[in-house]
Structure formats: C-alpha cells, structure tokens
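To start, the structure itself, in structure tokens.
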Amino acid sequence: MYSVWHKFVNINYKFHLLLAFVIRLVLILYSNYHDSISEVPYTDVDYKVFTDAARHILNGKSPYNRHTYRYSPLVAIFVIPNLIVHRNFGKIIFSVGDIIVALLIRHRKQLKQHNKHGKLNIVPTVKSIANGPLDTMVNISMLIWLYNPLTITISTRGNCDSLAAFFVLLTLYTLQCQRSYFLSGIIHGISIHFRLYPVMYSLAFFMFLSKFAVYTTEDRRKSNNTVMTLENTSTMRQVRDTENSVVLSSKGGHKILPCKEIKERTIFKKEYLLYVVPNLDQLKLITGCLISLFSLTYIFYNMYGYKFLYETYIYHFIRRDTRHNFSLYFYLQYLTMWVKNIGIWQKALVVLPQIVLLLVFSMRYGLNKFSLNFSILTQTIVMVIYNSVLTSQYFLWIMAVLPLCVWQINMPKNMVFFLLTIWFAAQGVWLLPAYLLEFKGENTFMFIWIQGVSFFCVNVTILGRLISCFLHCREKIV
C-alpha cells in the first residue's frame, strides 16, 4: 500500500496539475445538472451575485447596483466572460487559480535564504511527513491543496477565494524567495483590496523584515526528527558546533551566536520600541503596499463613489450577519439583532480575543524567519474561528497556507486522523439543524448554536495541537 502511495506522490507534478484540473472541469459540468434537479444548489449563491454585478459593469453601471455585492470590482470584471463566452467561465477562472496556487506551493517549498557572502540554504525534512527525497515532501505539500475536497468544491461552486489565496501566496513567494520587498508590498496591497482579510498579515510581514528577526537552529526534538541540509559545509560545521544557537540577520550577513549569549527578553524593555522603527526593506514593503492599495481605491472610488468604499471595506468591519453560520457568535448576534444600543462589552467580547491572538502570533512567529508561514497559518486560523461570521469558504484561506507548514508540524498519524474525524463530525452534526431551519422552516436556532460552540472547541483544540507539534527551530527566548 505504501509503495502505491509513494509511486502516486512521485508522479510528475505536471500530471497531478492536469488531473486536478480535469476533476474540477468535470465538477463544473456536473454543477449544471445538479442545479437543475436539486433543491439545494451546487453553485454558490455568490456566483450569481458576481455575474449580476458583471452585467452592470458591462452596461456601464456600478457593480454595487447589485444588492449584496460586497467585493472588489475586480471580481465582477473577472467574470464578465460569463455573459459573453459561457456562464461557467468564472468557475474555470477560479479553478485555474487553484492550479496556480498549487504551483506556488510547490515552488515556495524550496525556500532559499541568501546573504551577502553566499547562500544559507536550510531545508528541514520531517520523517513523519516524508521518508523520501525532498521532491516527495514538496509533492505532498502540493497534493494537500490539489486533491483537497474543500478546495475543489469551493472553486467549482464559483467562489473567488482561490484568487485571494493566490495573492497571499504570491506575496509570500516574492517576500521569502525573491526578496523583492517593494514588489511584495505591491502584491500585498492588491490582496488587501481584493479580499480584506490579508491585512492581518501586515505586522508579521513587517516583523519578518526587522533587523531583530532571527534564524534559529535549535533542535527541539532530540530524536533527530529534523535533518538539515546546508550547501555551505563551513556553515554546517558551525551549526553543528553550536547546537543551541541563533543566526542573527544583519547588514553584514548571518552571524551565529550561542543562545546563552542572548539576553532574556521581556515585554517591558524600552528597546522594544525600536521594533516599530522601519528599516529600508520594511519601508519598501510599506511603500509598495500603500501605492497599490491606494491606487486601486482611488481609481474605483472615482468610478463608483462612496458605495464602493462602504461595500468593499467599511461593511466588513461593521458586519453583523444574523443568518445561521458556523460562528460562535451567531446566536448572540441573532438575539441582539433589533437592539439599538449594544454595550461595549459585546463588541469587546467579539473583537478583543481575536486582536490579542493576532498580535501575539505576529510577534511570536513573525520575528523568526523560519516560522513566518506558521505565523500566517495561526493568524488565519484565529481570524476564521473567532470571526463573527464563519462559512465553509473561509477554511480555504487556511488550506492555502497549511501545505507550506506541514514539514514543520511533527504530528503522529493517529492524532491527524483523530483531529480530522472530529472536525468533519462537528461540521456534519451542525449541518442537520441548519438544514431543518433553512429548508424545513423548523426552529433549531438553539441546536445550531450548541453545535457552533462544539465546532469552535474543536477548532481551538486543533490550533493548540498544531502549536504544540510545531517544530519551531527557535531560540529559547520569547
């Protein structure tokens, strides 16, 4: 069985890309048939919203004339061929976005860090993920995205979040692999405009380029779970001689120091104020981001006015969705729907835990150059599970980043199976009362909320296990 799996994984990646795209095309064709016979449509309701908004643009009007269209005008522009070529054209675009994301995952896996004097190429390989060569590990990361039922379903239903994932991964690629910080900022600004959620990654990106950011070579697992491959043999000897060490990133290159020479950090040091003083690389990132974000905002504001600002940006900060969804706060918002003067306690209850965790993960993992991807993963999970609105499409944001981190997560297979089982089970149990409410008109609000609480607990448990099983490659100072 293992041999079959190993052969399948190591098939040329182009075959996997082609097969995954064919699977998506088949489901797109099936969606037309399913929608014609079932009371529960396969196509996402947002896809019709996108198409209607595109029709308004084609007629020289504002896409925001379409009620509930709360996206960038770029989304409607992308699906204009729905009206000219074929109604499924937008789904094909989103599926192509899926394939490009897989390519970015594959190329991103071979991260190379450079300094002024040469290359420091450190590629950990976790045995629990792949017992074969590096290509096997890279392919597994790509296949997690390509053959994931969630990613396949969401893109073929006509949801645009695969394009949002593309912009996020492209930002990471240019930031870490290309070291094109101004270009990274440009792409990051576009991703924020396209879907607002990537704005939460900004602090982690900023910290990643800080002069205080470090490479670390501590081996948390004494059982040789991590194997380091270094192109520079002298660097290999240096790392071997300093088992517990940190590699400081500075203007003159990388400097390896024993951890005992690093003073303990606390949150009360005045020196921490220097963290917010940007260096040249950080200024490039900020400038690029502001240029692209404000340029797109200025262009579309001149075209569509204040309604563009409200629907694209402002609405998502004040949104209160009283329709049933996975969110922990759904029932609270439903019960207070007609309450005009909501106390500050409710807003703090919803927003404060999320903000605190986002700040902690941005600083904690953003300042470690080996864990930026894990910082993005943990922030995404926090934003999704603590959000006041939570639907299945939000999990796509997590799935886009997870493959970048699998080589750093040393989790037993039985634990992976258990966590996946309870995650899908929690969703399945939630779906029953949700179906009875939406399609049968039965009052199941309390049951939906109880299952929402259960699902929240499952997600928090998974996040905790990911953190505890993460191979930090970090120093012992926090």
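Backbone N, Cα and C define each Cβ position, glycine as well.
Matching 188-206, 283-301 against TrEMBL, the residues noted as transmembrane segment span 283-301.
From the options 376-399, 448-471, the stretch TrEMBL describes as transmembrane segment is 448-471.
Long-range contacts of the transmembrane segment (88-105) within its own chain (CB-CB distance under 8 A, at least 6 residues past either end) are made by residues 16-17, 20-21, 24-25, 28-29, 31-32, 47, 50-51, 78-79, 81-82, 141-142, 145-146, 151-152, 155-160, 162-163, 165-166, 169-170, 173, 400, 403-404. Sequence-distant neighbours of the transmembrane segment (283-301) (same chain, 6+ residues past either end, Cβ-Cβ under 8 Å): 72-74, 175, 181-190, 192-193, 202, 205-206, 209, 308-309, 312. Residues 200, 203-204, 207, 329, 332, 336, 375, 378-379, 382-383, 386-388 of the same chain sit 6 or more residues outside the transmembrane segment (344-363) yet have a Cβ under 8 Å from a Cβ within it.
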